[in-house]
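Peer 1: As listed in TrEMBL for this protein:
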{"type": "DOMAIN", "residues": "2-104", "note": "domain 'Azaphilone pigments biosynthesis cluster protein L N-terminal'"}
{"type": "COILED", "residues": "43-100", "note": "coiled coil"}
{"type": "DOMAIN", "residues": "202-365", "note": "domain 'Nephrocystin 3-like N-terminal'"}
{"type": "DOMAIN", "residues": "478-565", "note": "domain 'GPI inositol-deacylase winged helix'"}
{"type": "REPEAT", "residues": "701-726", "note": "repeat 'ANK'"}
{"type": "REPEAT", "residues": "727-759", "note": "repeat 'ANK'"}
{"type": "REPEAT", "residues": "760-793", "note": "repeat 'ANK'"}
Amino acid sequence: MADPLSIPGSVVGIISLGLQVTQYLFDYYSALKNRETHLSGTITKLEQLMKVLEVVRTQAEARRSKPDEDNQFGNILTAVQRCEECIQELKEEADKFRESPTQARRFGAAARATVRRIVYPLRRSTLQRIEEGIDEILTHLSVAQLSWIQKELDEIRYDVEDTKALLEQMRANQVSSEIRKWLNAPDATTNLNIACANKHPGTGLWFVQGTRFSDWLRVPNSFLWVCGFAGSGKSVLCSTAIQHTYRHIQRRPSAGLAFFYFSFSDSGKQNVESLLRALILQLSSQLQKGSQLLALYQRHHAGTPPYQDLLSCLSEIIRDFTDVYLVIDALDESPRSLSRDAVLQALAEIRAWSDPKLHLLVTSRDEADIREELHANQDEIVVMKNDSIDRDIALFVSQHLRQNRRLRKWERHHDRIEKAFTERAKGVFRWVECQFRALASCPRSEDLLEQLLQSLPATLDETYRRMLLNIPPASAPYAHQILSLLCCSERPLKVAELLDAVAVELGGQSQVFKYNPKRRLEDEQAILEVCPGFTELSVDPRTGETTVRIAHFSVQEYLESERLRKEDVKAFSIERTKAHTKMAHICLTFLLDPKLAFSVEKYPFVSYAAHWPHHFRGSSAVESVEARVLQLFQGPQWLFLNWVHLWRTSLVFGNLLIRGMMPCWDALLPLYYASRLGLPSIICKLLDQRPPSAIGSADSVAAATGSKELVQVFLENGTDVNGRDDRGRAALSIAAQFDYRELVPVLLEAGADINAQDNVKRTPLLIAFEKDHQSTISEQLIKAGADINLPDKYGASTRRRLKT
């Protein structure tokens, strides 16, 4: 009897040969199928054989170190050994398709192709022998064994089907379009799609088939933290967990699932409000009534719900399920300096609920602030550094070598390459992906291959350094501009937008920025060629639009790191504030040029250019950008109004516009938008040019942002704290409407009329009661002496409302 420890190793060689031969025959006949209709049966059988051999090889690779754990699989490996003779016969058939040197000299190229096609490959006897060989190989694997293989094939198919069904469920129309638009929740399904596309069959099964994950599904109030290095495959593992959780709850219709991916490349997926909105919308879409979200909408339909109300709404929604599974990926991609503290605080509050219905799974790198806030015990931590990860990487390397056409030139050396990559990867999938790029571009020479394998970079940092060094000097300025823009963009840029932005010449010391059509790259392929390995494309399956983003979080982290600035590629270093400055200038270049600003179809970046305030706030050279902002605000009205139109119609503006507060065009409109967008320095410049009496309701606008800083800017510049908007509301009424508790004492101290009535005679106190802010602003106003007896136009007073 064969030594069981030797079976997997010897079988892999047999299967590899079988796959190579089958792939060759499949490609050969597939190229002729449109002209030779009788080939369809042979092609179908070849495809079936490839799938079976692929599954067996995948599992053989994964089980090299544990061949005895599955007797049925051991029998399959033994059966494959019996197929060796049949595989050799198939190889001999394939070899006959290839001409010998003697034949090559006797026939011209066209004649040789014709002779081969007629004389041998297409003969019915040849096809019959190939099909008989395939049948014999499959026969060696018994029906019982094939059922096991079919189960593995079904697992792959189920993953695809589950993902599709899950995406459809998350986009279900249980929630009205009006509420969806108001809630403005980010779409986490796009990230799930990307992660699933990067997933390789068989990887991650060690996690979802392990006891930690099964306990997480089963035990009340369970928690898991999956942590690992950058590039270790956490997001892909997260997608596997989501798929298997979805499969688990299919048998339990009263259970719910929601997920979220924090994203370094999308500012709309980095803060706690985005997280809570996404979870609320997904779970509400799985309920028939969704009354909690409706109540939230009714309380805050005129504005944005505050954090605490979002958190309370999530808690109430969870009560309507028997179990709720929350999966949150990449906590570390929420910027530490901006929003991560709030995210971690929210997770701490959610865990403090100790709700037996709740099951929470999060992933991130192992960073000190995250570890400290999560308070996870050892049983709740899964570290992405173990033998299972190494087997997953070996499996990934093996599959990629066979499936990538650009790597087939190395077929004879696959085993050496696989061994070298697997041993040097140290658990980092991203490192392996980068080495495949170098391998694909390596000329076909055994000596050059040996040099490449001997000089593999030790780390991701060294890998990225070499990739930057390989960028031609002429392309380097383009590459730096592309990477800078992608690192600071508010959302992933569409291909056409990025092509436009790159065409803007950066001003340097002269601070002159201009659009140069000669700089415009031709297409998306040009972007990938300028920044090889640093960017990737993603197609939205619903819209068909292609976006560009930084290929991996570790890329952006390296480009922005201090360690890069000490290396020989420091010219590629990116400072976030300087990147924002560049982007703000590029946006304003489009908006200030009439030839560009009014041609959205011809220059798609114009739509994104409306987002310049985001980049202005993040810029370092504020004064240089400020002059151009004032040029937009104080220049021709039609340029300013064009930007207003672009901004108001953008999705980002959806929750910023306060109904009824948009004034008609007058001299106050620039102040209005400077207030709405939180631009204190611009407000000061605009106020310097207007007497206080001309400012009108601008302080009400400032109050509507909830910003103490903006309100104080107006007050310090002599604004009337009791100025009214077109509804007759003063700043205090606005603060009461939107529950801006911090503004109340500021406004009262500045002399706000506590009983000021709007056009329908409502006082700030009555407005607060109507908006259900009884325990906060109402209490503040009553303590400050608000009159509870003042009725509105319809006779309702606060006292009467208290009685009812």
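Numbering starts at 1 and runs along the chain as it is shown here.
Placement of Cβ uses the backbone N, Cα and C atoms for every residue, glycine included.
Computed from a predicted structure; not experimentally measured.
If you look at the structure here, what lies around each of the features I listed?
Peer 2: On the 0 to 100 pLDDT scale, the domain 'Azaphilone pigments biosynthesis cluster protein L N-terminal' (2-104) averages 66 in this prediction.
Counting residues per DSSP class in helix, strand and coil order gives 17 helix, 0 strand, 17 coil for the repeat 'ANK' (760-793).
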Peer 1: What are the helix, strand and coil residue counts for the repeat 'ANK' (727-759) according to DSSP?
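Peer 2: Secondary-structure composition of the repeat 'ANK' (727-759): 14 helix, 0 strand, 19 coil.
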Peer 1: How many helix, strand and coil residues does the domain 'GPI inositol-deacylase winged helix' (478-565) contain under DSSP?
Peer 2: 42 helix, 16 strand, 30 coil
